[in-house]
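Asker: Would you mind keeping the following structure in view while I ask a few things?
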Amino acid sequence: MAFKRMTDIDLAGKRVLIREDFNVPVKDGRVTSDARIRAALPTIRHALDAGAAVMLMSHLGRPTEGEYAEEFSMKPVADRLSELLGQPVTLVKDYLGGADPAVGSVVLFENVRFNKGEKKDDEVLARQLAALCDVYVMDAFGTAHRAEASTHGVGKYAPTACAGLLLATELDALGRALHDPARPLVAIVGGSKVSTKLTVLDSLSQVVDQLIVGGGIANTFIKAAGFNVGKSLYEEDLVAEARRLMEAAKAKGGEIPVPVDVVVGKRFDAAEPAMVKSVADIAEDDMILDIGPETSRRYAEFIGRAGTVVWNGPVGVFEFDQFGEGTRRLGLAIAESHAFSIAGGGDTLAAIDKYGIADRISYISTGGGAFLEFLEGKQLPAVAMLESRAD
């Protein structure tokens, strides 16, 4: 991937517009998890240290496009950014007509999704954004898979377009994990539905040595292996597809192992007692809510032997401690492994936080959908735009 990097450009005295991914959880007007904001700090500080006037933009939530709604305002993000940077970050509501921040200052534009045409990558809006800056920096890996005005269109018309520190680091890490991995390559894909990750599973089954599936996804594979899943979440219409994926992985010399034991409950509830069962002993009224201890041990062995680990999604309902042991044990196995490890996806990040292993994962991706699309082998529109502006 050839693209301009922010670090290659003289930013002194320049108006620098940075697209970040500040789509963070907010409650009662306060940011409840600032991981994505912290991840952007090196890029912002680099621009400030280089003598730029810094303008930041992001989306937050899913407001009705073209309409201001206070619940989706970027104000809580501006407040948290001010605290983290140790300097004022001014929230600017009306900026399309022009914004002229002073060198050394930071402004945060109001939610880009309040602008009509943002999601459709409207050319007029993209040109308005481009006119605000001398240098456009795309730093939001989490939205790199969307061709929108603030992530794609603006970069086509800005005088200079480049990748920020975070985006460049993301792309370098993902390239290392998937394009030239140290073997064995082990991928962990969790989540509730095969349907939402079918392309990822298909793509990974072609390249990995072991593809560990967890969550509701695993239930469909358990069913495909001929076992009962009781009243667990699974997709009947994708059982044949799961079987095909297992056979395809085997044909390539890899495997998609099926759990040998699981942790079940009768209801999906925080107070529900957990019971370990062999995968052959699932009752009609059981719900599979985690992988069992023997399965965890086997999967941890795969991870221990790995040269590269890609982790996307928990393997159980880790929000409930009694159904979180599988995710905890695999997380610790990754943390203790000598492999190059990359993890991504919202639930994965929450699990990493819960078990306190962030500093022992080689690289934590800030992307959810973008991380998945990269795993699928798709070209991300924002990256394609940066490559086209590399000259």
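Note: Cβ is positioned from N, Cα and C throughout, glycine not excepted.
Pulled from Swiss-Prot, these are the listed features:
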type	residues	note
BINDING	D21, F22, N23, R36, H59, L60, G61, R62, R113, R146	substrate binding site
BINDING	K197, E319, G345, G346, D347, T348	ATP binding site
Asker: Across all chains shown, how many C-beta atoms besides its own are within 10 angstroms of the C-beta of R113 (substrate binding site)?
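Answerer: Result for R113 (substrate binding site): 24 neighbouring Cβ atoms inside 10 Å.
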Asker: Closest to D347 (ATP binding site): which of the binding-site residues D21, N23, H59, G61, R113, going by Cα position?
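Answerer: Checking each of D21, N23, H59, G61, R113 against D347 (ATP binding site), the shortest Cα distance is to N23.
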Asker: Can you figure out which of K197, G345, G346, T348 (the binding-site residues) comes closest in space to G61 (substrate binding site), comparing Cα atoms?
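Answerer: Result for G61 (substrate binding site): the nearest of the binding-site residues is G346.
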Asker: Spatially, which candidate from the binding-site residues K197, E319, G345, T348 is nearest to N23 (substrate binding site), comparing Cα atoms?
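Answerer: Checked the binding-site residues K197, E319, G345, T348; minimum Cα distance to N23 (substrate binding site) goes to G345.
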Asker: Let me know the largest Cα to Cα distance in Å among the substrate-binding residues D21, F22, N23, R36, H59, L60, G61, R62, R113, R146, as an integer.
Answerer: 18
Asker: Could you tell me the maximum Cα-Cα distance in Å between the residues recorded as binding ATP, namely K197, E319, G345, G346, D347, T348, rounded to a whole number?
Answerer: 21
Asker: Give me the Cα-Cα distance between G345 (ATP binding site) and R113 (substrate binding site), rounded to a whole Å.
Answerer: 22
